[in-house]
Amino acid sequence: MMKTVFFGTPDFAVPTLEALLGHPDIDVLAVVSQPDRRRGRGSKLIPSPVKEVAVQAGIPVWQPERVKRCQETLAKLKNCQADFFVVVAYGQLLSPEILVMPRLGCVNVHGSLLPKYRGAAPLQWAIANGETETGVTTMLMDEGMDTGAMLLKTTTPIGLMDNLTAIGDRLARSGAELLVQTLKDLDAGQLQPIPQTETEATYAPLLKKGDFVINWHRSALEIHNQVRGFAPACHTAWGEQILKIISTVPLGAEFFPLLPEKYQDLATAYLNYSLEAGEPGNIIGTIKNWGPVLETGNGHLLLEQVQPPGKKPQSGWDFINGNRSTISFA
């Protein structure tokens, strides 16, 4: 029986915890998660998704503000005498004191093909940068930020219309399977850790407010990648208001073969449509049942789904029908 302590916080970490809880050869001794946070109306304290799963399973949950400084939690972790600490999107760095506690090490599930996209937002930046492939890497943790020796990898393609939610869900499931296999192989002495090549490392920093602002002078593909990579947070100025851009479709013969079947009617309509000329950020036409087409710095972009202030998300077609006056986001 492999004794583990699980460190994790968001939805992305839940499938891995569930896989550990459901495995007959793995004993989850405790879960460490970020403290409950106040959210929503009434500012109620909301537990993390990982905590909710652990509580339902009857597993002890520890929630220190700073795990490396909480003597009570450190003592509990040491007393566990675990074989592994498993870390998935926990949200805090582990101290050297913690890293040496488990018998076989601290194993991290990272949402990228290391050494590419080390850091806090690997999925977001992989999509925003237009990568066509990503994946999950398990690694033995060291004191650095995602710099530990690699164990196993699994890959997944990124389609032109895949967004953060779709890729995140896919990697969460594949990462859970990969983690279980990693623990089994490590326990059996069948894995040889592979050091990362520093010269190949790239980074995925925390997102800043400016990352969500759309610059219409960029190309249609760059804006599309930004929107789907940082979904659903990208936005543009709309008069004196802010319009959230939830999803887009890049238009052009080079993109249509890469679009799912449901967009083929859109492709046909676009190729048969006479568009006006315009400056980046101008609406240069409307495709029936789909929505407005915008000029960008290079190419045309359809607004598939948007969210006006104070309203629920709506299709680009509904948005344009409700705002018939001239609209520009320039």
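For all residues, glycine too, the Cβ spot is worked out from N, Cα and C.
Here is what Swiss-Prot says about this protein:
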type	residues	note
BINDING	Ser112, Leu113, Leu114, Pro115	(6S)-5,6,7,8-tetrahydrofolate binding site
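Feature map: Swiss-Prot annotations on the structure.
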residue : record                                     : contacts (Cβ under 8 Å, 6+ apart)
Ser112  : (6S)-5,6,7,8-tetrahydrofolate binding site : Arg118, Pro122, Leu123, Ala126, Thr134, Gly135, Val136, Thr137, Ala204
Leu113  : (6S)-5,6,7,8-tetrahydrofolate binding site : Glu133, Thr134, Gly135, Thr137, Lys153, Thr155
Leu114  : (6S)-5,6,7,8-tetrahydrofolate binding site : Thr137, Met139, Asp146, Met150, Lys153, Gln196
Pro115  : (6S)-5,6,7,8-tetrahydrofolate binding site : Asp146, Thr147, Gln196, Thr197, Glu198, Glu200, Ala201, Thr202
Helix, strand or coil: which one is Pro115 ((6S)-5,6,7,8-tetrahydrofolate binding site) in, per DSSP?
coil
Neighbours of the (6S)-5,6,7,8-tetrahydrofolate site Ser112, Leu113, Leu114, Pro115: Cβ within 8 Å of the Cβ centroid, same chain, sequence order.
His110, Lys116, Tyr117, Arg118, Pro122, Gly135, Thr137, Asp146, Met150, Lys153, Gln196
